[in-house]
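Visitor: Quick one: structure below, then a few questions.
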Amino acid sequence: MIKKTLPVLILLALSGSFSTAVAADKKETQNFYYPETLDLTPLRLHSPESNPWGADFDYATRFQQLDMEALKKDIKDLLTTSQDWWPADYGHYGPFFIRMAWHGAGTYRTYDGRGGASGGQQRFEPLNSWPDNVNLDKARRLLWPVKKKYGSSISWGDLMVLTGNVALESMGFKTLGFAGGREDDWESDLVYWGPDNKPLADNRDKNGKLQKPLAATQMGLIYVNPEGPGGKPDPLASAKDIREAFSRMAMDDEETVALIAGGHTFGKAHGAASPEKCIGAGPDGAPVEEQGLGWKNKCGTGNGKYTITSGLEGAWSTSPTQFTMQYLKNLYKYEWELHKSPAGAYQWKPKKAANIVQDAHDPSVLHPLMMFTTDIALKVDPEYKKITTRFLNDPKAFEQAFARAWFKLTHRDMGPAARYLGNEVPAESFIWQDPLPAADYTMIDGKDIKSLKEQVMDLGIPASELIKTAWASASTFRVTDYRGGNNGARIRLQPEINWEVNEPEKLKKVLASLTSLQREFNKKQSDGKKVSLADLIVLSGNAAIEDAARKAGVELEIPFTPGRTDASQEQTDVASFSVLEPTADGFRNYYSKSRSHISPVESLIDKASQLDLTVPEMTALLGGLRVMDINTNNSSLGVFTDTPGVLDNKFFVNLLDMSTRWSKADKEDTYNGFDRKTGALKWKASSVDLIFSSNPELRAVAEVYASDDARNKFIHDFVKSWNKVMNSDRFDLNNK
């Protein structure tokens, strides 16, 4: 009977979400039996073979051909067409769809760029069965007729966000706009959502700190527990949780208040009865005949007035399908007292509360207003109070703040505006989009490219430093939210210029020389032609690699397309870019134990995953970068060659050479390789290096590149992978 003492959200979770049952004959991955085995699955996710539309499907083109006005009309009609199997509150699905869009986008977090609306991950486990997403399976099912009609022209990710926008607009709110471009995923993402897979487990460590890279305070929540931290109705403590969670999702205090106040202007919460007695398993544990729907409610009709979602019950406003100032007015108009919902959840009602809110399904029945503990937090926290009172006295400022915050919430994970599609994209650019200046000059041509590469190699800069600079600049890219990369040449700006991994003093000298060459070249042009530093950084790295290949007897030319521009410091939010600082980069044999939350080898896989690399691409890149000697601080770890600076396959040849015996060194994460016969020290390595001979899957690839007939193949594979990283952020070439 211990369940009776637990917060309602936990009861909802225990009712069936997060099913962990394993069938007796279920085939498990290697990691199930050997949990210490390195998991390479992140490098094999979302392959083209998973996409039923086919590898050649061009979503951007399909979206651009979409009749957006017809689609929006169909959505608007759907909003007020109540279905008997899931009746609309107040005859309008708008608030329901706002919650769907919000909870799809709200999983985004800044530390690793994971989560967000892109991919439509709310359709898959575990998100589809999170306690905070109870009944959103019905929202998506209500949308299915629209998705069915427009098919490949709009992804689930785009449709859910657009539906949230249309819902707001249909209830009298003017949104800032909408951008398409969220391609759908076809399988669950592999994301670390918390240290414990139990629903609503605390995501804080033993010292009470919210673990990185997490943003939600409890497993299975989008942000925070609406009843208060751990289900305890403490508004001030709740404010602390809100501030931490929202800041990790890229929202400041004003944006946080605008989102909560704006969102809670609409709709109601649902807690008609005890979830323990009424609610079945979530989608992940529901029987097959439920067809992917979960949380079957056996009480009453199971829907309408009997609906159970969060366990809290009631509305914040007497006009829950209209955009009004009532939320803020009610927050300050009444003195609020704690009570419990019919489901037993902690919530707040006005003292001497009058029944003034119409029932969502029977207009003849009236209810009192209510607030969550998280709502009261906006009134009692000193900083939030300043903002809520300002918004209360300036409705226009509130409306504008909500519009901007909503647009940011639903588009933050899409990356730069260059990826946006459609005719509803706002003309205004925002600092959180990492804006870039337009190129107002003529691009360099093939003759210029050849000349600049020759001039770069004559600067006297070691080739390893040119390669290292290009890698440091481009490898900040994250495919999770399309941030970072070389475009903008932000490596010369704060904060990147002073990142430890970039060896600031050396980096500044390289950049000074390249900047001087850039200025000289541009000054000599008479036809409006210019080269950006961003282009020159990549070009110089290419030139150095071509030289390294030439030393190995291989002539090649790395493809190069100019078009990158140089951002200004004013276009670069230092705090926002600080989260991109690597805590580890296995490609440079760099690892900061004090700032990393996973091992060096796991960090390598995570980095490769962020760069959208496959297992062979990661392997080729690391082996090539090692022999070209680009390790941070000129570390000798993994430089398995007697000819550093020559692009060849010696890293793999020497790594797999059985004449070397490896043992741990006294220094942490360092290994010594001794000659088996003489005992002489031959090489030094990190765990990141040795994993390519110890892990069976990585060794299999390493053996290919170590083979006598694979020398040229390795060089060309390295160049192809290098070029992929250098162009990861070139959305003008390939709108991902």
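Backbone N, Cα and C define each Cβ position, glycine as well.
Found this in Swiss-Prot, in case it helps:
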{"type": "ACT_SITE", "residues": "H103", "note": "active site, proton acceptor"}
{"type": "BINDING", "residues": "H264", "note": "heme b binding site"}
{"type": "SIGNAL", "residues": "1-23", "note": "signal peptide"}
{"type": "SITE", "residues": "R99", "note": "site 'Transition state stabilizer'"}
Visitor: Can you give me the same-chain residues 6 or more apart in sequence from the residue listed as 'active site, proton acceptor' with a CB-CB distance under 8 Å?
Guide: Q122, D132, N133, L136, I222
Visitor: To the nearest whole angstrom, state the Cα distance for the pair H264 (heme b binding site) and R99 (site 'Transition state stabilizer').
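Guide: The Cα atom of H264 (heme b binding site) is 10 Å away from the Cα atom of R99 (site 'Transition state stabilizer').
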Visitor: For R99 (site 'Transition state stabilizer'), write down the residues of its own chain that are at least 6 apart in sequence and whose Cβ falls under 8 Å from its Cβ; none is a fine answer.
Guide: L136, A139, G263, G267
Visitor: State the count of C-beta atoms found within 10 angstroms of the C-beta of H264 (heme b binding site), not counting that atom itself.
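Guide: The answer is 25.
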Visitor: Using DSSP, would you call H103 (active site, proton acceptor) helix, strand or coil?
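Guide: In three-state terms, H103 (active site, proton acceptor) counts as helix.
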